[in-house]
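According to TrEMBL, the record shows the following:
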- B:1-23: signal peptide (SIGNAL)
- B:286-312: transmembrane segment (TRANSMEM)
- B:319-336: transmembrane segment (TRANSMEM)
- B:408-429: transmembrane segment (TRANSMEM)
- B:442-461: region 'Disordered' (REGION)
- B:529-549: transmembrane segment (TRANSMEM)
Amino acid sequence: MPVCGPKLSLCGLIISVWGIVQLALMGVFYYIGAVALAEDIPEAEYHEGKLQEFYAEVDKGFKQNAYNCWIAALLYLITLAISAHQFWANNRSSLSV
Amino acid sequence: MVKTVMITCGGALGLLMCCVVEQHEGGANPTESMTRALISDDCIARQSTLGPVQLGFVAGVILRERIPAFERMLWRACRGNVFLRQAEIETPLEDPSTSDQVYKSVFIIFFQGDQLKTRVKKICEGFRATLYPCPEAPADRREMAMGVMTRIEDLNTVLGQTQDHRHRVLVAAAKNIKNWFVKVRKIKAIYHTLNLFNLDVTQKCLIAECWVPVLDLENIQLALRRGTERSGSSVPPILNRMDTIEDPPTYNHTNKFTSAFQTLIDSYGIASYREMNPAPYTIITFPFLFAVMFGDLGHGFILAAFGAWMIWNIFFGGRYIILLMGLFSMYTGLIYNDVFAKSINIFGSGWRVYNFTMKNVSELVSGATLNPTHDYVGFPYPIGMDPVWQLSKNKIIFQNSFKMKFSIIIGIIHMLFGVVMSLFNYLYFKNKVAHQQMQATENGDAEQPIHNNTAQTPVAHGGHDEEPLGEIFIHQGIHTIEYVLGSVSHTASYLRLWALSLAHAQLSEVLWSMVLSKGLKVDGWAGGIALYIIFAVWASLTVSILVLMEGLSAFLHTLRLHWVEFQSKFYSGNGYGFQPFSFEIILDSATQAKEEI
């Protein structure tokens, strides 16, 4: 049974496809520690003389963000499934009318 | 519209008794008065032998509102010697001529003698009452009532069948009505065009003057021959090229790809006849200048995907423009090294940090400065901006000067190209003027009065020659100054390329750091869910602001650069379009007009 309208389900489809592609790629970039994304990790504080700890913290942030990106991508995969089902249900109901 | 009324009547001499159903005169026992005859049968028998004194009656229906006047009239005209009974008909009747619902009453009038009968009938006529024959004997009446009933039933079936048939016919016609409309419009257009033809002096053939593309002359000849064969005419049509002093209309052959670009040019002004058409060059320069302002690999990809989707799915004139704008934006995005405001490092940066130890890093206060002499690897990044700029503090300062200079270079190339085009225009039109002048002198010798107009044109051109030299200097001086000033201001106008591209890059960077970055900075596993929500917000803002709004703005600026800065160098656009007779155009405009109504 269609819950969302045809436009909302189409919107969900597009955003989830976009989200899956971009977030999965960003996850990979975080995983390999891309420098361009260094500004977009949870704050890591630098204490005088404790450089190793700072590096470890930054690495942890990179890994954490990689997983977070993949989690979000997974959530978008679910959204994609729901939207696709809704889209299909809408198409079917509009055809049968 | 036949109504039956039951009337029982004991016709009798002197006295009368009448009973209309559902109406009772006062009295103790109403039913008795209905059943009992006031005059016994022998009395009737006696009466019939007595002869002429006989009570007559007429019955009919009349509009309900006419009843009081009708009654009064009857009373006055017959001096109270008639007796009227009436009953209202409850159900409304339909007037067959106006199909209104009307209320009527049924009446019966008793009278004595023929004189009164004619008078009563006249009055009934005057009041537009409808009289119905009503036999005297009860058996006849019953029979008649039955007859009327069956007739009503018959008529109802006939009406039902007619209605069904009409419905079927209309349904069948509804399927064809569109085709009929198309046919009628086509025939109308043909006759309208035929009305524009002139009759020959011999009154035997029609003559039309029209513009045709020279390229299609053979096709037209063939079509005319085919038409002659099909119509079975014995007279072959004659197609003659004629000389005219009128300016021919401009006709540019387009296809589904080029037509949108031609439309962009034509909305500024349709080219004068045989003038250089900027549309072919616009196919490349338009998306390129747009992309300079819209340079972002990600945004360009969205635009290109949208354009590609439109090409597959919907018929929209500008779909190829959008696709090209998207593809070119992807290219400039690669050059600017911007994907949603982030750089990608495909080939490896051309900058390295050598001899940096842990000690050096911990001693850094606010970043390191890269020295070109020993931090540069010796060869540049293969395509576009080096990704290292993403991390630098002076990125904007560098890009500002880069984009500003770049836009001026592009602008000057673009305008120089326009000037080159003006050279071709000049060469062509100068030749044409010389040709016309020569023709005019020939005509002048032959003294053909018809070609007077041709002779006038070169006179106007020749007028320049008679201008005193000083005025020529002044005019040319003014033109030169205007041209130089115009070119300077136009060059400055190309700086919009720099401004818009910078604004676009900054806006997408702000959107990233203000929206998506917030989701990325959430610590722990909750970050995944936060990212899921924030990504949707960021994506919709990207589409609505960066792609749609910025795209529209870049489009308009590109259009301006083409219309004003580029085309002012060579394009006058003073022509008028070639409007061929086309069923497609006629039908399109007809459907559009219908939609507007």
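Keep in mind that glycine also has a Cβ here, set from the backbone N, Cα and C atoms.
I'd like these features described in context: how deep, what's nearby, how far apart.
Tertiary neighbourhood of the transmembrane segment (B:286-312): same-chain residues 261, 264, 319-336, 338-341, 344, 406-407, 410, 414, 496-497, 500-501, 504-505, 508, 542-543, 546-547, 550-551, 554-555, 557-559, 561-562, selected by CB-CB distance under 8 Å and a gap of 6+ residues from either end.
The list of residues near the transmembrane segment (B:319-336) in space but at least 6 beyond its ends in sequence, with Cβ under 8 angstroms from a Cβ of it, reads 256-257, 260-261, 264, 283, 286-288, 290-292, 294-308, 310-311, 383-385, 399, 501, 505, 551, 555.
Outside the transmembrane segment (B:408-429) by six or more residues, the chain places 274-276, 278, 281, 285, 289, 292, 487, 490-491, 493-495, 497, 561, 565-571 with a CB less than 8 A from a CB of the stretch.
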